[in-house]
Each structure stands twice: as structure tokens, then as C-alpha cells.
Amino acid sequence: MPIGAVELPSRGHWAPSFAIPRGRSSPSPITKTKSPAEFFAENKNIAGFDNPGKSLYTTVRELVENSLDSAESISELPVVEITIEEIGKSKFNSMIGLVDRERVDTKLYDDYETEKARERRLAKEARAQELQAKNAALGKKVKEPSATKGAKGRGEASFYRVTCKDNGKGMPHDDIPNMFGRVLSGTKYGLKQTRGKFGLGAKMALIWSKMSTGLPIEISSSMRSHNFISFCKLDIDIHRNIPHVHLHEKRENKDRWHGAEIQVVIEGNWTTYRSKILHYMRQMAVITPYAQFLFKFVSEVAEKNVTIRFSRRTDVMPPVPVETKHHPSSVDLLLIKGLIAETSKGTLLQFLQHEFVNIGKSLAERLIGEMGPEFSPKMAVKSLTSQQIVRIHQLFRQAKFDDPSGGCLSPAGEYNLRLGIIKELHPDMVATYSGSAQVFEGHPFIVEAGVSVGGKDVKQGLNIFRFANRIPLLFEQGGDVVTRTAMKRINWSSYKINQTQDKIGVFVSIVSTKIPFKGTGKEYIGDDTKEIASAVKCCIQLKSKIVRKIQDREQQERKRNLSRYVPDATYAVYDVLKEISKFHASKKRRYEEEEEDVLRKVQSRSITKETLKEMLAQYVEKVDYEMALEYATQSGVNEEPREAIYIQALEDGYNFTDLHSSNFVFRFIQ
Amino acid sequence: MADKKLKQKRRRPDPTSDDESELPFKNILKPDQAILETLKQLFLAATTTTTAAANGASTSSSSSKPLTLSDLSLSATCREVTDLSLSAVQSTIETLILQIARSILAGNGFSFQVPSRASSNQLYVPELDRIVLKDKTTLRPFASLSTVRKSTITVKILSLIHQLCLRNIHVTKRDLFYTDVKLFQDQTQSDAVLDDVACILGCTRSSLNVIAAEKGVVVGRLIFSDNGDMIDCTKMGMGGKAIPPNIDRVGDMQSDAMFILLVEKDAAYIRLAEDRFYNRFPCIIVTAKGQPDVATRLFLRKMKMELKLPVLALVDSDPYGLKILSVYGCGSKNMSYDSANLTTPDIKWLGIRPSDLDKYKIPEQCRLPMTEQDIKTGKDLLEEDFVKKNPGWVEELNLMVKTKQKAEIQALSSFGFQYLSEVYLPLKLQQKDWL
């Protein structure tokens, strides 16, 4: 394969055509071939490397998703450690062997402060200080003076070392250079639900590191069977799209670790993308509760450090998604040609029968009959002309096929989604739903949804969590089908949920062999795909479940809610009674005997506020008891099915003191 | 006839005469004296029917002593409230509270029977030309999660009203809300319960001594006493006199006006007030700046009843304009329990009517396309009884829904700001163009 020619992107659905730029300003008539690596370097925004901040975010997520894929592929519960280390300028310089130089000609720099500007700044600072002193004297809360950073010049980039370690499959020693140092070098063929966006993974991070810091990427890896660790230090030759290996060696594997550890130094921006990265980790923890994440941010300034552990809450892992064949109504012309080129089958009949799902022998024969007289079941598939392939394509689009099954998909699972929500949000209540497989343009998809109310660190109103193929989507929320459905098409008040006051979490996870992303960034799913929109709507309408939960909660809280109003009501009544009894003395008005009696008692203070309050409270108690009884007889005692809980195993090396009973044992760690 | 002449003139392009034809139709205006003559006829017609009604030949439309609910033998019993004196309100509250107290002491908690003000409980009575409340009530028990808040608020409001009765003072709805913000949460809740309380006690809201902030204004040939002070509405400056929130302190109305002009919008009102339109054609100009509040409706009714003047309405040519007209005329659903006191019968729709858009050649750029919501509202209005009873209105509304165009009163300003007072209204009056 010549350099520059590209295989079909394996995981991607997005086939970039590396068209040759013609007749730009260059006078040379020779057309220049552009390597895929070059293409992505120039269009890095497509892969989510728009700016340093987003690049840091995308690097983290690519590494994390690779790690999860890798661990899941060998059915290992994932343990992922991700560390972002801030690197100061001088440290960075020393890393690349550059000597720190003092500025000599200060006026040369962009952030040079003129005399006037300096005066102004000093005056402003003095004022601020004065104000602060005043505030402090008045005992007001003193606000931390915002870090007076000078406007960062362009030269003041921040650099970060991102390290991601997992317990996955690892990589074969000899393949490592090509896996990282060549863009779109995948060889897989077929269709599968995958996390990755473009199949670029860490490669794009490598290109970015090459562009921003020039430092190589470091990879350590070991596979289960290996007794050594492969260590590789490499960068990429962007123009030729080949790896440039600095160091590739085998090292000792003392603690029988398997997995991969990737370390890359890139330019980034932690300040602006901090919350995005943390959100990403949190949402990832929601959708993959069976994984354990350790996220660390290490900075030179100690108080900026962040360490978050997202612990494992279950050991149930969704099955590994199965590779499947293409559905005839989903293929395009190019793909048919590609399949023909790759197939091992000789005849057209066999080709149709074996390279596609939902085409049986009889259907294949019928299809060939329909194609026209120049087609026959026995004809060699490789001999098809372009016109004939177009005919096949046309027929595929028009003919009716059974829908593909969702068997090849790997949804998060209702259980896991629910656990994830409970684990990360601690909601007051949660309801989840898992839809059955449906079809969009020949690709099966499954929608799962959850709705939570209340919880920790959840803001008021709708909080929408979107997942596509089990990865969180954080950007471009506004146009997304989930957001729009939740905001516009769901009548929350019919669930007795207040859309603006309650803390509502909406979780929607869509898995498919092809997610119909919109926009170049692949960050949101279009609202115009009706099938998905209606599936999402169905899912979020967990009406019966939510209403039931709310009823349950109301039952529990009825007494409290009723009692809350007892004082207000009784005081109001008593106020009037007191007034009446005052005037009653003057006998302005005649009352019935019982009323007279009440008024006399009020006057003699044998009926007081407290009497009324007590009586009303007693009544509430009585009613509550009656209603609870009624509710119990109506709804029966069918509680929710019990769920197995997962208790994380302790690591070895503890001494226990056991306290035995006939039914259980208490173990205390010494 | 006038129309014909006008059309001929318009067809002939006449570039030389740009002084008079600047204001279209101005040339067909008769002298004010002639218009006053037509107004006199209108005025006399209004007063004579009144006297006729007094003589016993009662017609439902414009009689000053209209039918009451009890005069009609309706199949469904209806609920109506009356003005109660303070002491009556007080003793009703006391009886109610004593009942509640006894019920609590007997260990039975308490609950209210609240007349339902839902739209299913409303009835338009064509004979009365207004909406009345049917007799359905809902139970509001304390011991239910859905009503515990409301019943507590109801008790609280009752006790507050009781205090007002004892002290004989007036407070605003806002005051009432601020007595216990924590309980009421927002003013709409205390306001709604206030109406409920009026229904429970069977009195008008004004008898509860709770008033709303002033909203409506009046200007023109009217003299009345407000709390003992004589007010001359021709000498109130440009803004006019704010309509007093409690109607019971208004009295001694005198006027030499020939009609009352009801204006939907503040802008049009200011125009007319500044141009002293009421001096050219003796009239009283009233506006509530949009949807009318209780005080303005009460005031309008009082003027109509005491002065026996015809009422002409100037509203926008859109469904909401007509809706506002209907609230003055037949009452709102929310306050239907008191529609007898709040509605003013026999309001004429003077303008701006959908047919005026073409008749007065209002330029395209001043007309707005109706939104889908507008059209829906318009179609809904066509189903309403109070529209149906007037064939002229149905026709106009049909035209509006058909052309899908609306226009505000201000659309007339495209001919000059004073076109409204100088040409449009006089011409309308001259042609007796009201429905």
C-alpha cells in the first residue's frame, strides 16, 4: 500500500477523502499527495483538537476510552488511572533541553507594560488594596484577590503530561510502533459498536504532542502471557505517516502487570477545561460503574491538586460488542466495492449470502433474479462491473429486508445504568428503562434511559447526561435529540416533577453500530432522526415508575408534610377565636350554645393555641394511619425486586478479628 | 354615499393637492356640529331605552335594571355573590371559624367547601349576556396532601380578613401576600385563595376590603367624588385620574358627556387625552391598560348605570382586543362569581375592526401576520357564546381569521400621530360605524 493511500477507516463511519489539493497558489503542476496524518494535523478540529484546552480534554478521553476498550476485550474489570501533571515553563524547557533565557529587550514582547499602563495598574491595585482593608476593618468577608495574572502572552503556553494506565490487554511488542505511529492503520473489517470516534485514539494525541511540544510519546505495555514489559518511545513522521521510533525495548515485569501505560506531553489548558474533564470522568463513572477510575491532577501549586477516585460498584460487565456484517440497506456504493474486494467468496450468490446480515439463500436468489438478466447466482463476484454494482446498490436501497437484530450491541444495561446513577449522584429516587432494539438506516440501536430526582452535586432543573456507545457527550448539548426531547416534548408536570425547582437528572444512553452524529465534532445526535427521537421520548417517559415512586415517597412523607401546616392553620384559627371571645364579652352577637361554650373556654384559657394544635396533630396522625393502611391494602406488599449489591473486595494483607454469630460474622480490620 | 365619493377621489391621482389629502378621508369629514348631531341621537337612544325599561318594557340588552339570576328559571342553579357590609363579612367569618374550631376540637380536622371556579363550572347566560358560576363545589380537606397547603392558606386569609373587618381598613393584595410570604410562596397563590374566600363567604371581593393597586385611568367630562373630594376629570392634566381601587368611596357622578370611550391601550389613551378629544366631542375616556382589573370594570359599570351613557370600545384588531372587550362585557371566568357587579352591558365595538384595515387603507407595513396562537385564539373565540350572539362580531372575527392579519390601534399612526383623534374617530362617529 503506497504511503498516502488510505484503507477504509475501520471503526469510523466517516470516510475522509484525502483529495489532493489542486491548483492552489502553488505553481507546481505536480499534485502533492497528502498523508492521512497530515490531513488530521491540518484539520485537527474534526477530531476534537480545536484549541489547547479541548485538546487536553480530548487526549484524556481518547486514552480513557482506549483503556476501557482494552480491558473489556479481555473481560477484565477495568482499572484506569489517569494523571495530568502540570509542567511549568522552565521545567518544560529543561525537558526539551532548552536553556531558560531572561528577557533582554523587554519592549520586544507582546505583554510589555508601558510606563503609563504600569502607573494605571499600580493605582488600580492600590485602590483595590484600600477597599480590601476597609472591608476587612468592617468585618466583611474578604474576597480572595483574584490571582493577578498578567495577560498571558502567546508564548506562555501551559504544558501537561498526561499519563493513562490500565489493566487491559496490552499490545504485542512488535506492533506498538505501527499502532501509534501510523494514522488509520487499522485492519479490522466489519461493523461493530465501538467507543472510538474516528479510530484515531491516541494517535491524534500523538500528532498534537508533536505539533505543540515535539516530545515523543512513551508507551509501556505487557500482555497477559508476557513476562516482560515492552517500552517504546516514539513520535510520528507526519508527512510520511510512519512511526519514528526513539527507543523500543523489553523490560522486566516484576509484578506481573498486564495492560498499557501511555504517557504524552502536550500543550493544554487546565483552567478552562477543568470542569469539562471532571464532568467527563463523572459521567464515565455513571455509565461504567464496573470500572474503577483514579483521576489525579498534579500541579506545582499544591492547592490546585485534584484527586478523585471513582470506585467500582459492580462486577457485572456488559458483553463485548460483537462484530457483525453489514445490513444491506445501510451500505453505500464504496462499501460494496470494498466488500467485493475483500471477500473470500467466489460467486455472487455466496457473496450476498455471507457478507450481509438478513440475506438468506432464497432471498439472495430472489434478489439476483430481480437484478436483471445479466446477473446470475453463479457469476464470479469479482467480475462485476461498476454499473452492475450500482444496480446492486439500487436494489439494496429499494428492497425490503428484515431489520437487523440488536444482538451485536452491548448496551450498558439497565442494572449498570441504575447503579451508576445511584453511585455518582445519590438521588432520592431513580427510575430506569431499557428499550428494545430498533433500526435506523439499517443500523440497529438501543436506547436506555434513566430519570433521577434529587441528589448530591446536582443543580436545580434539568441535568442531562448523554451517552453514545457508552461514552459521555459533553459538547453541543443544545441541538441534541436528548436535550430537545427532555426540554420540549416531555411534560414533566404530569410526573409531578417541577421542571425548574426539582433536581432532575436525565440519562440517555444510545448504542448503535452507527450513531447518527451531527456536525463535524461528533458531539451530538441530530434531532431530525425521527426513529431515535421517538425512542428517546418513549424511554424518558418512565411515567408509571416515577409516579409510583413519588406515591411511595408521598406515603412516607405524608405525615411530615401534613404536620408542617398544623401550626399555621391552628394559629390562624386561634387568632380569630381570641378576637371573637374579646367581643363576646360585650354580647354584641348571639351564638349557639356550642359556640358559646367554645368561646367561654377560649376566654378562660382552657382552650389555647396548643389545644387546637394538639387536636389537629392527633387528627393528622389518625388520617395518616388510615391512609397508610388503605395504601398498603391497595398496592399490596410487592416491593421492588431485590438487587444484588456488590461489595468491593478488600485487598489482601489485613489481619482480622472475627466476631461469630449463628448467622453472620463481623470482621474487624486490625 | 360618502364612501363612493371618497373612492372616486382616491382613484384620481392628484399630486398637486398635498395639503389636505395628507390625511386620507379627512375631506369627507363633516363639520363637528353634524357629528355631534349623530352623537346626540345615540345619546338619546341610550337614555330613552332606559326610561322605556323603567316603564316596564324591559329589553335585556340595554336596560339599566337588568334581569337578575333569580328572574330566570335556569335548569342549573347558579351561584352569585352580593356586596356584604363589613359586619356581615365579619360575622360570616366568625361562624365559619367557630365551625372549624369545633370540628378540630372534636378531633375531625377541618375542610372547606369551595365553589369551583374551573371553566367547567362556568355558564354563559345569553339572557344576562354574561358568564355566571354554576353551583359545583370542591372539598378542600386539611388532611390531604394535595389540599393541605391551600386549606391552610384559606384559614390564614380568613383570619387576615377578619382583622381587616375589625379595624375597618383597606389593604392591597400585595400587603396581604407579605403578611406571610413563607406560607403563600408567591402572590398568585394568595390572590387565588382570596377569590376562593370571596366565593365561600358569598360576597364580592371588594367587600373583603382587599384592593388591587390602581391600574385604570379616566379622563374627560366627568365629575365624581372620591372619598369626599370632588374630582373634575377635565382638570386632571394629561394623565387623567387613576380609578380608585375601592368603588364604595366613589359617588356623585355627574357628566355632560354623550358617550364613554373605552380604550384598550395606554398609548391611544394618551393621544386622545392630550388632544383633549373629550372637548371636541363630549365624552369620558377610560383605559385599564390592557386586561381590565376589577376596579376599572366596577367603575365602568357604575358610570354606565348612573349616567346612562352609551359605551364605545376602541381595541386592537386582534383576538386579544376582542377578548378584552368580552371581559368588560360578559366578565372573566376567574371572577364569574361576581359577574353581576363587574360587567357592563351593551358595549359597542367601534374599532379597530378587521374590516377597517381595508376600509381605511391601513398600509401593509402596519399590519402584522397573525401567529398560529393568534389564529387558534381567534377560532376559539368564534365558538364562544358571547361572540356568537352578535352576528356583526362573528363576521368581523371570521374576516380576521380569514385574512390572518392583525393591527394595533397604533397602526393608524402611520398616517400621522394625530390621525386617530383628528380623522379616524370622528369619521367613525359620523358614520355610526359601531357594532
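Note: Cβ is positioned from N, Cα and C throughout, glycine not excepted.
What you are looking at is a predicted structure, and each value in this text was computed from that prediction instead of being measured.
For reference, TrEMBL has these:
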| type | residues | note |
| --- | --- | --- |
| ACT_SITE | B:Tyr178 | active site, O-(5'-phospho-DNA)-tyrosine intermediate |
| ACT_SITE | B:Tyr178 | active site, nucleophile |
| BINDING | B:Glu264, B:Asp316 | Mg(2+) binding site |
| COMPBIAS | B:1-12 | compositional bias 'Basic residues' |
| DOMAIN | B:149-210 | domain 'Spo11/DNA topoisomerase VI subunit A N-terminal' |
| DOMAIN | B:214-250 | domain 'Type II DNA topoisomerase VI subunit A all-beta' |
| DOMAIN | B:259-429 | domain 'Topoisomerase 6 subunit A/Spo11 TOPRIM' |
| REGION | B:1-24 | region 'Disordered' |
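Positions of TrEMBL features highlighted on the structure.
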{"residue": "B:Tyr178", "record": "active site, O-(5'-phospho-DNA)-tyrosine intermediate", "DSSP (3 states)": "helix"}
{"residue": "B:Glu264", "record": "Mg(2+) binding site", "DSSP (3 states)": "coil"}
{"residue": "B:Asp316", "record": "Mg(2+) binding site", "DSSP (3 states)": "coil"}
Fewest Cβ neighbours within 10 Å, where candidates are the binding-site residues B:Glu264, B:Asp316: B:Asp316
Cβ-Cβ neighbours of B:Tyr178 (active site, O-(5'-phospho-DNA)-tyrosine intermediate) (radius 10 Å): 13
Integer Cα-Cα distance in angstrom, B:Glu264 (Mg(2+) binding site) to B:Tyr178 (active site, O-(5'-phospho-DNA)-tyrosine intermediate): 31
Euclidean distance between Cα atoms of B:Asp316 (Mg(2+) binding site) and B:Tyr178 (active site, O-(5'-phospho-DNA)-tyrosine intermediate), Å: 36
DSSP-derived helix, strand and coil totals, residue by residue, for the domain 'Type II DNA topoisomerase VI subunit A all-beta' (B:214-250): 6 helix, 15 strand, 16 coil
